Amino acid sequence: MKLVFCGTPAFAVPTLEALLQAGHDVALVVTQPDRPSGRGMQVLAPPVKQTALAAGLPVVQPEKIKNNLEFRAQLEAIAPDAIIVVAYGRIIPKWMLDLPRYGNLNLHASLLPKYRGAAPIQWAVAMGETVTGATTMRIDEGLDTGDMLLQDEMEIPPAMTAEELFPLLAEMGAPLMVETLAGLEQGTVTPQKQDEAQATLAPILTREDGRVDFARSAAEIYNRWRGFQPWPGAWTMLGGKKLTLHRMLLAEREDRAEPGMVRVHAGRLFFACGDGGWLEIAELQLEGKKRMPVTDFLRGNTLAPETRLGA
């Protein structure tokens with residue numbers, strides 16, 4: 001098939017590579033403009049652009065697409081059979097939806113209709129799901145509401161973070177998109193409506209999502225920490241300074257304490273949760289300091305017996 005591929009981050013790269021390997025004609029790659037990134041704020045090309053250029057593919061990086069007449073004319077001249085959209089980061093306008101015969105096909109990193117939105121991987125982990133997957137779907141004018149084409153699923157190991165899950169779902173989704181295109185061409189894939197009664201949302205993450213609410217259960221706090229890696233992570237306040245909890249573990253203790261209260265025992269640091277359970281902090285970072293193991297932190301900081309996190 002003649003394709004236009006729209007994608008930006010590393011998550012989209014395996015799908016682009018799989019389409020090329022399957023022999024599809026990727027006539028154009030559309031990606032977001034180069035942006036400053038990292039501590040030095042160096043202007044970097046998106047991973048999809050780097051992959052496309054290495055493969056000798058033409059690349060465009062429009063700032064806007066909805067009313068971009070030059071971009072529209074370019075796509076109309078290509079007349080693609082399908083437009084593939086994987087983590088592109090832009091809402092696809094109606095004129096693009098109407099252009100190709102097979103439509104605009106999206107790889108979404110959840111088992112739709114669950115976790116529609118910008119952060120499906122993070123929210124699936126944060127909500128304690130034990131199974132997730134990838135869905136190919138035909139994009140419509142709603143938010144991840146289009147007809148589903150194919151799905152594949154995988155287990156989420158109990159200690160896995162969203163950051164670790166990202167590349168696994170990217171690799172799972174790549175052959176799924178290739179299979180979807182083959183099925184559409186052969187007439188063996190039947191679009192399926194989503195069950196609105198089963199739909200849940202996975203909205204874009206904010207800094208506040210990472211703030212630890214100690215009234216939650218130990219499992220909830222732990223799952224949110226796993227889900228919100230690498231950003232916004234899990235953080236709280238200690239002595240008026242931001243304390244980032246880089247690594248934590250489920251823990252068992254016999255004693256009880258008010259939510260947020262800390263206990264230090266044998267060089268280990270624990271805090272109480274809303275259900276009476278405990279979590280252990282293994283690695284942390286106090287505002288203005290470097291990231292460190294808890295053992296190093298406790299060597300240089302003495303916590304009073306009634307220390308409470310969150311203040």
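Note: Cβ is positioned from N, Cα and C throughout, glycine not excepted.
The (6S)-5,6,7,8-tetrahydrofolate binding site feature in Swiss-Prot is assigned to SER110, LEU111, LEU112, PRO113; the stated evidence is sequence analysis. Mapped onto three states, the DSSP output places PRO113 ((6S)-5,6,7,8-tetrahydrofolate binding site) in coil.
Taking a C-beta cut-off of under 8 Å and a sequence gap of six or more, PRO113 ((6S)-5,6,7,8-tetrahydrofolate binding site) has these contacts in its own chain: ASP144, THR145, GLN194, ASP195, GLU196, GLN198, ALA199, THR200. Annotation for SER110 ((6S)-5,6,7,8-tetrahydrofolate binding site): same-chain Cβ neighbours under 8 Å, separated by at least 6 residues, are ARG116, PRO120, ILE121, ALA124, THR132, GLY133, ALA134, THR135, ALA202. Highlighted in sequence order, HIS108, LYS114, TYR115, ARG116, PRO120, GLY133, THR135, ASP144, MET148, GLN151, GLN194 have their Cβ within 8 Å of the centre of the Cβ atoms of SER110, LEU111, LEU112, PRO113, the residues recorded for (6S)-5,6,7,8-tetrahydrofolate, and are not part of that set.
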